[in-house]
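Participant: Before we start, here is the structure in question, set down as structure tokens.
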Amino acid sequence: MKKAVILISGGLDSTTCLAVAKSKGFACYALSFDYGQKHHSELVAAEKIAAHFNVVRYEVVTLSIGKLGGSALTDNSLDVPDYGGNESIPITYVPARNTIFLSIALGWAEILDAESILIGASAIDYSGYPDCRPEYIAAFQNLANLATKRGIEGHSIKIEAPLIHLSKAETIKLGYSLGVDYSMTVSCYRANEEGLACGYCDSCELRKKGFKEAEIKDPTQYITKV
């Protein structure tokens with residue numbers, strides 16, 4: 001059976017991505033990162049989601065990039081802001097996060113002799129992060145072609161971003177069609193230890209907008225009524 005490494009955060013997009021990988025018949029190896037994020041409850045969700053999808057193996061890699069600061073998601077001196085609309089690159093951007101994550105996933109994929117890596121990046125209904133764009137995925141694919149044994153032997157590991165051109169509503173509809181239980185997911189940047197959402201950060205607003213446009217009941221549980 002062909003193998004794939006899937007990056008899962010515990011959120012809506014990455015869970016949909018895992019469902020897509022399962023639907024394609026991949027033997028799924030799920031990978032999460034504890035990088036010092038404040039919303040640690042997403043990792044609790046990720047572990048439950050990996051078990052729910054019966055992945056072959058689930059690993060959590062601990063990184064210390066949070067110590068470097070530079071993002072409201074990791075730096076205690078910076079507050080996670082409410083939804084900022086069309087701000088180009090918000091303070092919740094974690095510098096080079098997807099590059100670091102994909103590099104580690106690439107190494108594991110080589111070890112596993114996996115065919116693909118799947119990431120839930122999207123360039124529509126997103127927070128403006130530069131490492132969630134199609135050109136970024138294409139650039140990392142070039143790196144994978146050049147920097148791996150498989151790549152130079154003509155069997156490059158494919159970097160797949162199946163949600164890259166989907167709106168949040170389209171992503172939710174896709175996941176719903178694949179049987180995803182979104183009540184298991186945690187997307188909020190300010191989620192508490194129980195995984196309850198704030199309802200006001202970028203991620204919460206985009207999630208609410210997605211369910212509304214998809215005309216699917218939002219199962220998100222909030223700290224206070226929003």
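Note: Cβ is positioned from N, Cα and C throughout, glycine not excepted.
Swiss-Prot feature annotations, pasted as is:
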BINDING   I8, S9, G10, G11, L12, D13, S14, T15, T16, C17, L18  ATP binding site
BINDING   C188, C198, C201, C204  Zn(2+) binding site
Participant: Which ones are near S14 (ATP binding site): of the binding-site residues C188, C198, C201, C204, which have a Cα within 10 Å?
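Facilitator: So the list is empty; none.
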Participant: Using the Cβ centroid of I8, S9, G10, G11, L12, D13, S14, T15, T16, C17, L18 as the reference point for the ATP site, which residues of the same chain not in that list have Cβ within 8 Å?
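Facilitator: Once I8, S9, G10, G11, L12, D13, S14, T15, T16, C17, L18 are set aside, the remaining close residues are A46, I49, G120, T185.
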Participant: Considering the binding-site residues L18, C198, C204, which residue's Cβ sits among the greatest number of other Cβ atoms within 10 Å?
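Facilitator: Ranked by Cβ atoms within 10 Å, first place goes to L18.
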Participant: Cα of C204 (Zn(2+) binding site) to Cα of L18 (ATP binding site): how many Å, rounded?
Facilitator: 21
Participant: What whole-number Å value do you get for the CA-CA distance of C201 (Zn(2+) binding site) and T16 (ATP binding site)?
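Facilitator: Here the two Cα atoms lie 21 Å apart.
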Participant: Which chain neighbours of the Zn(2+) site, leaving out C188, C198, C201, C204, have a Cβ atom within 8 Å of the mean position of the site's Cβ atoms?
Facilitator: V80, S187, Y189, R190, A191, A197, G199, Y200, D202, S203, E205
Participant: In sequence order, what residues of the same chain, 6+ apart, have a Cβ less than 8 Å from the Cβ of L12 (ATP binding site)?
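Facilitator: Listed in sequence order: K168, T171, I172, G175, Y182, T185, S187, R207, G210.
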